[in-house]
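Colleague: Provided herewith is a single structure, encoded as structure tokens, for subsequent inquiry.
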Amino acid sequence: MAGLAGGGRVRVMGVDPGLTRCGVGAVEGRPGAPLSLVAVGVVRTGADEDLGTRLVGIEAGIERWLDEVRPDAVAVERVFSQHNVRTVMGTAQAAGIAVLCAARRGLPVALHTPSEVKAAITGSGTADKKQIGAMVTRLLRLSEMPKPADAADALALAICHVWRGGPQHRLAEAVAAAKARARTGTPPPGHGSGARAARRP
């Protein structure tokens, strides 16, 4: 994993699902503001392992990433049917593991289609992986393109989710703000000087 970035912005972890290579990447930012890299890498499993073992490995890897990155939301690629049914089945199973891991922690989860991510990052819903990697490198001001492509795709998912700024993003912002208030002891908005905090029994 790359080093963590600082700041109080919303943190989103993207997951590009796959059985052999599951790309994972996290960024911090908000719509209309510069983005920062938090971490990027790949969760790998052996092609010679049985399915159950591979899924357990992916779950363990995603859990480690969630522990390390501590995102406010998770974005996962929405899987569509392809010509290779076996491949898409494995991808869908890996995606389900990522959604499960996030939901188990109460994190907001968003599913973004490949064309949606491509359009958000490059302006074209038909962009290839090289174009996506180049734009991710530029947007995050990296010295080199993230490799393999699965890692760059995961960062693209995270960037797309930050930029969308939809209800799930606003929820993530609220969660981040609540965490910040808890750390500093600042009362939530609307609590004036005359307000009295409720005491727990």
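The chain as shown is numbered from 1 upward.
Glycine is treated like the rest: Cβ placed from N, Cα and C.
Below are the features I grabbed from TrEMBL:
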type	residues	note
BINDING	Asp16, Asp150	Mg(2+) 1 binding site
ACT_SITE	Asp16	active site
BINDING	Glu77	Mg(2+) 2 binding site
ACT_SITE	Glu77	active site
ACT_SITE	Asp150	active site
REGION	179-201	region 'Disordered'
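What's the neighbourhood like for each of these?
Modeller: All protein chains included, Asp16 (Mg(2+) 1 binding site) registers 30 other Cβ atoms within 10 Å of its own Cβ. Under the three-state DSSP scheme, Asp16 (Mg(2+) 1 binding site) falls in the strand class.
In the three-state DSSP classification, Glu77 (Mg(2+) 2 binding site) falls within a strand.
Contacts of Asp150 (Mg(2+) 1 binding site) defined by a Cβ separation under 8 A and a same-chain sequence distance of 6+ are given as Asp16, Gly18, Arg21, Cys22, Gly23, Val42, in order along the sequence.
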